[in-house]
Every structure is written in C-alpha cells, then in structure tokens.
There are 2 protein chains.
Amino acid sequence: MAMIINGRELANEIDGQTKIEVEKLSHEGLIPHLVVILVGEDEASQIYVRNKHKRAESLGIKSTIIRMPVNSSEEELLIKISDLNKDKDVHAILVQLPLPEQINEQRIIEAISPNKDADGFSPINVGKLSSGETYHLPIACTPMGIMEMFKKYSIDLDGKNAVVVGRSNIVGKPMANLLLNENATVTIAHSHTKNITNIIKQADILVVATGIAHFIKKDQVKIGATVIDVGMDRDENGKLTGDVDFEGVKSIASFITPVPKGVGPMTISMLMKQTVNLAKWSI
Amino acid sequence: MAMIINGRELANEIDGQTKIEVEKLSHEGLIPHLVVILVGEDEASQIYVRNKHKRAESLGIKSTIIRMPVNSSEEELLIKISDLNKDKDVHAILVQLPLPEQINEQRIIEAISPNKDADGFSPINVGKLSSGETYHLPIACTPMGIMEMFKKYSIDLDGKNAVVVGRSNIVGKPMANLLLNENATVTIAHSHTKNITNIIKQADILVVATGIAHFIKKDQVKIGATVIDVGMDRDENGKLTGDVDFEGVKSIASFITPVPKGVGPMTISMLMKQTVNLAKWSI
C-alpha cells in the first residue's frame, strides 16, 4: 500500500517558512509585492486570483489585483505590463491565463520582465532551465511543487525512469527539464504516443497531467512506482478527482498524491515562495 | 539492410539552395555576414573556424574571423560581442567553443543578441524552441541538420518512440525538443541511465551523441529503427568513427547515418542556411 503524499501538509510547511522569510525581509524594509492581472470575468480565473490574493495576504506578501475589462486590447495589456516592469515596488507579475482571444498569450508572456516572472513562463527563463542554469531562476510553480514533494519524501530521482504524461509548457515540459537536471532518464508521452501503457509501465516516477479523469489505471502502473497526479478533473458526479484512479493505483504504488490535497495546494505555495525569491533577487 | 543516409549529398543540396538564396539577396543589396570569434589557438577549433570560413565564402556569404589572444579577458570578449550586436552589417555571430577557462561560456552565449545567434544557443531562443514558438527562430545546427535528414528521407516521426542518448545543450536537448514538436514520444537517456539497452531497444528513432566510439551495438537496436550517429570519435587506430557500430547496426536498421559523411557535413550547411535566414529576418 502506497504512502500518500500529503500536499496540503507540505504546502502549509512551505507557507510557514515563507511567512518567516517575509517577516525578516519586512524588518529590512523589503515587502515582497505580487501583482496579478485578470482580464475579463472568467469564473474559474476569478476564484484562482482570489485564492492567490488571500494566500499572499495571509503570509504578509503585498498583493495587488489589477482587473481589466474582457474587451481590453493587447496594446492596453502590454502598456500595463511595461509600467509594472518599471515599477520598483513590484517584484512579481502574473497574468492570469487564459486570456480573451483578441490577445496573443505568448506575446504577453514574453512582455513580462524575466526578473519579475512569477510563473516562470518567460522564454529566457524556460531556456535557462533547459540549459541547467538555475541560479536565481523563476521556474513554473506546479513542477517546482512536485520537486519539493520528491525532496520531502526522500524520493531518489538519479538514474530513475521518469515518465511525464502531457507536454504543456506549464507542467509537462518544465517537469521534464527539472527531472533531467536531477539525472532521471526522462520520457515525455502525450496524445500522439503509441503503446502508452507499455511506456507508463516502465516508470519508476510517473507524473500525469492529461486533464482526463482516471486516465491511469492500476494495471498500467509499475509496482512500487511513485505516482504524481496533476489532474483537477470532475468525475461523472461532478466531484473533483484526478488523472489517476487513486483507489486502484494506491494499492501497488510506493508513493502517490491524492486529488484534492496533493499537487494542487503546492502550486500556490510555490508561487508565494517564488514571489519572495524574486523580491530577494531584486536587491 | 539499412538505407544509408548520405549527409554529404544532402549537405551539398542545401548548400546549393543557400547559394541561390544568397545571390537573390545580393541583388537586393543584402549580403549575409557571419562573424566567427576565435579566442586562443586550440587546434581543432582553428580547423572548424577555417572550414566555416571556406564554406561561407564558397556560397557568397561574407565571412569575418576575429582572432583574440588566449589570455583575453571575459570583459574584452563581451565588449567585442556588444560591438557586433550593434553593427548593422553583421547578421550572425558565433563564438567558437570551448573558451579559455578565465571566460564563462554561459555568460558569453547570453551576451550574443538573440537576433544574431548563429548557433541557436541563446537562452531566449532555447526557451522558444521548448515552447514550440519556432517562427523566425535560430536553432542549434546539428539537430536541425538531423531534422532535414528525416524530411529528405520521408522518415515519419509522429507518434514514434524517439530516444536521444546524450543530453548536451548543443545536441541532445534541442534534438529532444525538435522531435517533441514533431509529435514523437521522446526519451532522453544519458550517463546516469540504468538499463540503457532496454531503453535503446524500444527506439524507432535513435539519435546517439555520447562521444564514445561504437557505444551502440547491433544487438541493442530495434529491427527497422532509424539510427542517427552524431559521434566524431577515433577508433583504436586513430581513424574517424562514430558512436554506433555501423557495420553491425546497418544490417538491422532501416536508415542509418555513416561517420564520416553523415551528420557532420550537415551541421556546417545548416549554419550557413541559418546565417542567411538571420540576414533575411533582420529586415
């Protein structure tokens, strides 16, 4: 029976460290400041933005939400970002995705100063991660949170077969780079992959980010594997669930993350930690 | 018996296209200009630099070699790069690696303007490749040359198991990103990989860049695989050879590159093509 990785608990622990760090910096006159830009009124985005705001405030991080109307132009958003890039009081900028269709997401991501890149999506930061140049580097928060889990639970990655299912720029690709930097043998599988069961079956470390509820079943998983579920799906009853059939897989894995209370809570904690780091690195 | 991929022939073909392109641009008053900086007198580097210069001249590309003494400081090299970045007459800059130890390679790579990045090593360009943002993007020349081979020989990558052995920033990592962008399932194996034979055996597409002569033997390769050998090694008699035991493997692969006359000639042709592209993209 697998050990269940408690993402909620680890997130609380990291938040505790972040809070102490913020207090220390405040004494030195530096108050980390995160600015989140929300364009439009997408319901899920509003919840995410509110959660980030609350978490930041609870840790003593200054949090500003800038709301822009759904019909804002790309130009207006670029001007806003340019102002924030120049503002010395702002340490971290996050543009909540998705954006309305008149705005090119990639162009917006590229406009954020790499030194204030709260999400770690800026191409120069992505490139440095790929090259293994990780000194003072902001990195995508979800895979960073997963790396913290490996560390906390002393899960060795060196030489292990790691399979990442899903190749998004937000999770799959940075995850693969982080695992490779820790000397895992890394395979990226995705929607075009053939014989996916055969590939998954060889994973010592399995990270699943497909967005398909219960995509991974017990008989596909190697006995003793570490299984990380990035999914935030709804089952047939509308209940929050993951990409992994947790009940089945936990009987054969050695470590597994649940949904909820697994990867989810870590992402926002890593965003807070990264905001504080960006503030520290700015001086 | 495998079809042997003729890198020399394909390189000549690409050079022919590049030459025509250069002539066209010259008529419009644009002469592509590559500047190669060589610090010190490393023997192999001198040969590489001379070969690039000759090839450029034969194609009508303007080629300048800047030689700096082996004891040049990082600062001196950075000033030189900064001047070239500003010089409108220069379209492509390449700093020949390796550099003397008093100079930080990564800092030099990052100093080259991403718009004049002949090698495609600049972090912002690496990040864009990773994100699949390849419009007007300079990309590492060796893996680009390999992609041209796949195209020329109609080797389908979509959904195929691709294994890249070696994880350098120059070959392995950009190769993995290019294969992933073409919808291959990609595994990166390296010196820490366990059971490497098992992993290699599953490769439909095998790219080997280990620098170890005859690292890959016939019994490790899947029947019908495409085998790309990036090695430039010396055998026990000092003869140029590859990372793959060509004689053995060719009997079971469906496509294979020889050494010499495989990947090697393609790299310099791709550098020439990229120089011309950078010139075109500059206007």
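Placement of Cβ uses the backbone N, Cα and C atoms for every residue, glycine included.
For A:5-119, the entry in TrEMBL reads domain 'Tetrahydrofolate dehydrogenase/cyclohydrolase catalytic'.
DSSP states for the domain 'Tetrahydrofolate dehydrogenase/cyclohydrolase NAD(P)-binding' (A:140-280), grouped as helix (H, G, I), strand (E, B) and coil, give 52 helix, 26 strand, 63 coil. Residues annotated as domain 'Tetrahydrofolate dehydrogenase/cyclohydrolase NAD(P)-binding' in TrEMBL: A:140-280.
Within 10 Å of the C-beta atom of A:Arg167 (NADP(+) binding site) sit 23 other C-beta atoms, taking all shown protein chains into account. TrEMBL lists A:Gly166, A:Arg167, A:Ser168 with the feature NADP(+) binding site.
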Within 8 Å of the Cβ centroid of the NADP(+) site residues A:Gly166, A:Arg167, A:Ser168, which other residues of the same chain have their Cβ?
A:Val164, A:Val165, A:Asn169, A:Ile170, A:Val171, A:Gly172, A:Lys173, A:Ile188, A:His190, A:Ala209, A:Thr210
Calculate the per-residue pLDDT averaged over the domain 'Tetrahydrofolate dehydrogenase/cyclohydrolase catalytic' (A:5-119) and state the result as an integer.
97
Short of 8 angstroms on C-beta distance to chain B, which of the listed binding-site residues (A:Gly166, A:Arg167, A:Ser168) are there?
A:Arg167
Output, ordered by sequence, the same-chain residues six or more apart from A:Gly166 (NADP(+) binding site) with a CB under 8 Å from its CB, or 'none'.
A:Gly172, A:Ala189, A:His190, A:Val208, A:Ala209, A:Thr210, A:Gly211, A:Val230
